[in-house]
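A.B. asks: The annotation Mo-bis(molybdopterin guanine dinucleotide) binding site is assigned in TrEMBL to Trp109, Arg319, Asn417, Arg464, Asp492, Asn714. Summarising the annotation, TrEMBL assigns domain 'Molybdopterin oxidoreductase N-terminal' to 4-44. Sequence annotations record features per position, and here TrEMBL assigns domain 'Molybdopterin oxidoreductase' to 48-501. Summarising the annotation, TrEMBL assigns domain 'Molybdopterin dinucleotide-binding' to 614-728.
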Amino acid sequence: MGTSLTHWGAFRATVEAGDVASVAPIAGDTDPSPALGNLPGSVRHSARITGPAVRRGWLDDGPGPSSRRGADDFVAVSWDELTELLAAELRRVIDRHGNSALYGGSYGWASAGRFHHAQSQVHRFLNCLGGYTFSRHSYSLGATGVIMPRVVGTHDDLFKRSTAWDVIVEHTELLVCFGGLALKNTGVNHGGTTAHPARDALHRFRAGGGRIVSFSPLRDDVDGPCDWFAPVPGTDVAIMLALAHVLATESLADRDFLATYCTGYERFERYLLGIDDGVPKSPQWAARLCGLDPEDLTALARQMAAHRTIVTVSWSLQRTRFGEQAPWMGLTLAAMLGQIGLPGGGFGHGYGSMNEPGLPPLRCALPRLPQGVNPVTSFIPVAAISDMLLHPGESFDYNGLRLTYPDVKMVYWAGGNPFHRHQNIPRLRRALGRVDTVVVHDPYWTAMARHADIVVPSTTFLERDDFSGSRNDPVLMAMPRLTEPYAGARDDYDTFATLAAALGVEEDFTEGRTSAQWLRHLYDTWSQALDFAVPTFDEFWSAGQVRLPVEDGLTLLADFRADPVAHRLGTRSGLIEIFSDDIDGFGYSDCAGHPAWFEPSEWLGGPRAQRYPLHLIANQPASRLHSQLDGGKTSQESKVAGREPIRMHPSDAQARGLHTGDVVRVFNDRGACLAGVLVDERVRPQVVQLSTGAWYDPVDPADPEAMCVHGNPNVFTDDIGTSSLARGCTGAHVLVEIEKYAATPPPVRAHQPPRIVRR
Ligand SMILES: Nc1nc2c(c(=O)[nH]1)N[C@H]1C(S)=C(S)[C@@H](COP(=O)(O)OP(=O)(O)OC[C@H]3O[C@@H](n4cnc5c(=O)[nH]c(N)nc54)[C@H](O)[C@@H]3O)O[C@H]1N2
Ligand SMILES: Nc1nc2c(c(=O)[nH]1)N[C@H]1C(S)=C(S)[C@@H](COP(=O)(O)OP(=O)(O)OC[C@H]3O[C@@H](n4cnc5c(=O)[nH]c(N)nc54)[C@H](O)[C@@H]3O)O[C@H]1N2
Ligand SMILES: [Mo]
């Protein structure tokens, strides 16, 4: 029996014949994530990469653009050959094109361990070589990461220092949730988690008389009783404006709070009341967009003003076109209620998006592998990868800057799966076809690995020693190796150390340490910097964990409310910016100086819905983390007819002659996939839900436009940014049509390795 940690929780495992045989949550985790069920069999899964491999066409023809990526055979090579080829190609690209031609943005979740964290490893390695074009922000929080620092001075603290669940249970009367409070998502936390308290907190909240109002297309985004409103997806900003309109016109807005703690309310109010455009953003106005009853909105606004209320906005709302607006408008609405900084009142962002919001933060930092310094200045907002690869040398707007896409020749990926996360896969495939070389480190033959020229087999966290924790969890956990490395897999660290030696930067990269020595070193340097005592590394390792102090009882922005001068915000004015002069000054047509309603392209109210009348919600999967361990038991058991399940309302199913268990073709003009139908009343009519994470499985790998037979929604999502401000990912929403798939559905082969030939 061994113990370890994943992003979705800590567990105990039995190991047999070199693989995980069974898992159980650790004692004390009262609400473990079902995704733990994907671990058994994951070490020796058929999709494991068993040794280094090189795409045949790349080996035969050398580096260069190719349309064969994703369709070619692979040639098995030895580790020595791999090191030689890869070192030579890195040298060639850097010498001939410069370090900015190396894209090492390499975003992705990989494993929880702090040392073998693939992103940190690859960044450190590339920095030793002189740097790389990097990426900013995340797919998770692309819009929030840019807008919220400008309007409230931080984005991280909105989660890390969010109002604690205990404070909500005790003080909050009304939780108004835009995007629900999806407990399926609180299973997960970046870096791991040893407890899942959200479900229990909501029980206690209700038991104490608390009320939940959920705006969401899915009833089950809130577990248990709530007042459910199912508006037209993408209209939350209009709804919030309507609520704000009632507050403004019924003298319910807290003018003192707005005057003391905010700037720019008057400018915003002109827009709200329609003084300049003649369009008051009233409940009647919003009702025409969102489809809800204006009386209900008016009544809710009054209740919000009369009770201790938190307005919370899920992260999904900002993963849509104009995604900057929802968190900004949610904050503005909370500011008008005047309860920001009061216990149990104010603003929340991401309750139900991740385990972290509501959990007390650590009183210290965590051990961290230093990534070195990157001298290269070229970067992209992370979700602009296809834009960058397809438009080298072109300029683009980002957060008030005018930037230029570098001419990237080599894409280096470790620990992420762009075929899981990126929008418009046909476009991504054309973009990847443009570069000279694609390198991927992964334990598994994901679609990204299949599109690589050089494939580097990584160990999983189960095959190496590591430790991890997260900033809102009180436990730093040891992650001892549970079994030996499978087949030819190597730790990413060892791969990079060998490459660094071949490239003459071994000492810079390793600092003379083995990975075992690094673990001890990271722990020791971390513990020496703490202002409290922790056990020695050996004591920690044999105990398997160390408990760390946390800051209990937080209320978001309480210190700012208590003293807005001493605790001035990191915004230009030091206050909450309901109007931002800076953003206004950028003159963007798609993001104004104050939060506003913009009509998205992918929504039921627009012209596109005539052709594609169903609004697809591409949300996070309940059965796994992203694409990770899609071949595992929990994920596989969730499939319908072997495909990713698509949920739809009985009325939409009936109109198309569909039943639970049918295989359907889901499509728009960008692409198509197959999926398995689940008819479900909990889904709003005209909405369908297909989670991300089914491994991309093109029926004809040689055709970039090919239908995915497995159910990956990113084949048809739009690769367009949130706005010129943040250019965040907008993958959460897309319009589609659905029809019964009449032919015999092709088999799903995504979890079988590609053809590997030996020379
Ligand atoms: N089990 C599991 N948990 C996860 C993850 C996972 O892969 N699996 N991923 C983690 C990661 S990396 C992240 S960033 C977070 C993401 O957290 P979120 O982005 O919040 O998660 P989603 O599941 O995409 O969306 C939450 C809900 O928002 C609702 N929603 C979508 N569009 C709209 C809309 O226009 N209006 C309203 N009112 N509601 C809408 C959907 O019904 C959806 O179920 O989740 C984390 N948690
Ligand atoms: N349409 C749509 N698209 C979305 C979203 C959405 O809501 N809608 N959500 C977005 C969000 S919030 C996110 S965070 C992204 C997630 O996107 P990603 O983070 O790219 O997805 P993962 O599947 O977690 O990819 C992690 C990869 O790391 C590999 N890995 C695990 N351990 C190791 C290791 O030790 N070494 C190496 N080298 N690799 C390892 C795994 O096998 C896996 O292939 O997706 C985004 N995409
Ligand atoms: Mo995310």
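Including glycine, each Cβ sits where the backbone N, Cα and C put it.
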A.B. asks: Listed binding-site residues: Trp109, Arg319, Asn417, Arg464, Asn714. Which have a CB under 6 angstroms from an atom of ligand 3?
C.D. replies: none
A.B. asks: For the domain 'Molybdopterin dinucleotide-binding' (614-728), DSSP counts of helix, strand and coil?
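C.D. replies: Grouping H, G, I as helix and E, B as strand yields 15 helix, 31 strand, 69 coil.
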A.B. asks: For Trp109 (Mo-bis(molybdopterin guanine dinucleotide) binding site), just count the other CB atoms lying within 10 A of its CB, please.
C.D. replies: 24
A.B. asks: So if I measure Cβ to Cβ from Asn714 (Mo-bis(molybdopterin guanine dinucleotide) binding site) and keep only same-chain residues at least 6 apart in sequence, which ones fall under 8 Å?
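C.D. replies: Listed in sequence order, they are Phe419, His420, Arg421, His422, Gln423, Asn424, Ile425, Ala618, Thr692, Tyr696, Gly731.
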A.B. asks: Sequence gap of 6 or more, Cβ distance under 8 Å: name the residues on the same chain that satisfy this around Arg319 (Mo-bis(molybdopterin guanine dinucleotide) binding site), in order along the sequence.
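C.D. replies: In sequence order, Tyr139, Ser140, Gly142, Ala143, Gly728, Cys729, Thr730, Gly731, Ala732 meet the Cβ cut-off.
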A.B. asks: With every protein chain in view, how many other Cβ atoms are within 10 Å of the Cβ of Asn417 (Mo-bis(molybdopterin guanine dinucleotide) binding site)?
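C.D. replies: Excluding its own Cβ, the number within 10 Å is 25.
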